[in-house]
């Protein structure tokens, strides 16, 4: 059995407290407070994409390229899931098994009152890298199929699986672990349609 859990927003994340919350809000929003985490957040995933695109130039061995890409994707999955998400945007997700043997997916976000407030720059870099790279791997899947390069299919599918897993996990953290993403998307599209309809009816 698997069950989805979500930590409430008023629960401190990673042992944070609220004592210095006003100080955090006065920090520069453009500051990158975790340059190393920011670098590796983009390094592994962009490196995997570059190796995939330039594999025929870098090496004539398919095995070497495949192993290199898989290692980079694995390092990226671990880094984004366990390090950069926690430091850059105050989010984390994981799976745990309780005493009854039930598997629980936990999605947690740092409360807005925390003294460790993510900066705008780090947040934008985090979400940009998190969204763009999985989309590119989906494109690679179709290009592999259309070009009949089926030997790369396992590699690109692994890229899709690992990077979309992190994207899904962090979106669940952002919107709330118990939020129905489908209903949220439906409500958004409905509100956009309503705005367009009202705009057309205007003078």
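Placed from the backbone N, Cα and C atoms, the Cβ positions cover glycine too.
TrEMBL annotations:
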type     : residues : note
REGION   : 1-27     : region 'Disordered'
TRANSMEM : 60-80    : transmembrane segment
TRANSMEM : 125-146  : transmembrane segment
TRANSMEM : 152-171  : transmembrane segment
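Long-range contacts of the transmembrane segment (152-171) within the same chain: residues 45, 48, 52, 66, 69-70, 73-74, 76-77, 80-81, 85, 89, 91, 93, 107, 130-131, 133-134, 137-138, 140-141, 144-145, 181, each at least 6 residues beyond the stretch ends and with a Cβ under 8 Å from a Cβ of the stretch. Non-local neighbours of the transmembrane segment (125-146) in the same chain are 32, 38, 41-42, 45-46, 49, 52, 80, 84-85, 88-89, 152-153, 156-157, 159-160, 163-164, 166-167, 170; each lies 6+ residues outside the stretch with a CB under 8 Å from one of its CB atoms.
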